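The next block holds one structure in the form of structure tokens; read it before the comments.
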Amino acid sequence: MNNFASNDPLVIAGIVYSSRLLTGTGKFKDLDETRLATEAAGSQIVTVAIRRVNIGQDPHQPNLLNVLSPDRYTILPNTAGCYTAEDAVRTCRLARELLDGHRLTKLEVLGDKKTLYPDVVQTLKAAEQLVAEDFQVMVYTSDDPILAKRLEEIGCVAVMPLAAPIGSGLGVQNRYNLLEIIENAQVPIIVDAGVGTASDAAIAMELGCDAVLMNTAIAGARDPVLMASAMRKAVEAGREAFLAGRIPRKRYAAASSPVEGLVG
């Protein structure tokens, strides 16, 4: 952990993290590549699709936890592939059982298979139920500022608006909505979905997002481990740029050297 990270931590549900890059564990060619990419990213939180990745459900298959130990990483189970609140809640309960009472969970309830946009009605319903059951909910949602605030108000510990559709690689498509969400939030805002390359991650962080979560942008790259390293640097650079404060955009030039005392 570098000195800057230690002085500017990310806090989720009372836990302090030095890394602001959260990574997924799907789509890699094997568990060894998953491990190497996660290490290169410097992630401390890794998200796992309970319905797709084995963390103990099948004793006859390779177990992700053998390469990404819960002693080293915060395992963030997610409800990817769920299309109803009931399925999502059931999946979270299974994850809590598999992870010995682990309360932190990433909720996503999808609306359709083409866009993978969240079903906001089902998302709200599931979030309310999970909070009532004492889960610590990090929630994937649209970039609607009203909905984001509502999810915060019902007790979600982090709100995760999409930058663009899952896996699209389009980057931040509506920075003004994201800015509105960020400015009104009292919980961490984490861009989730749509990042394609390092500049996308930097832009999200420059806007003031607290962190970025990605999977496809790393796992789908020609060299996933190298891309993970690039994303780590982009997130760090974007955060520093946000804190430093960019100069205002101007229509005309402004000389960087003084005009007083010119020779001749």
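Heads up, the Cβ atoms here are built off N, Cα and C, so glycines get one too.
Summarising the environment of Lys106 (active site, schiff-base intermediate with DXP), the number of other Cβ atoms within 10 Å of its Cβ, over all protein chains shown, is 27. According to Swiss-Prot, the active site, schiff-base intermediate with DXP annotation covers Lys106, on the basis of sequence analysis.
Taken from Swiss-Prot, the feature 1-deoxy-D-xylulose 5-phosphate binding site applies to Gly167, Ala193, Gly194, Asn215, Thr216, supported by sequence analysis. The DSSP secondary structure for Gly167 (1-deoxy-D-xylulose 5-phosphate binding site) is coil.
For the recorded 1-deoxy-D-xylulose 5-phosphate site, residues Gly167, Ala193, Gly194, Asn215, Thr216 set the reference point as the centre of their Cβ atoms, and the other residues of that chain within 8 Å of it by Cβ are Pro165, Ile166, Ser168, Gly169, Val195, Met214, Ala217.
In this structure, Gly194 (1-deoxy-D-xylulose 5-phosphate binding site) belongs to neither helix nor strand by DSSP; it is coil.
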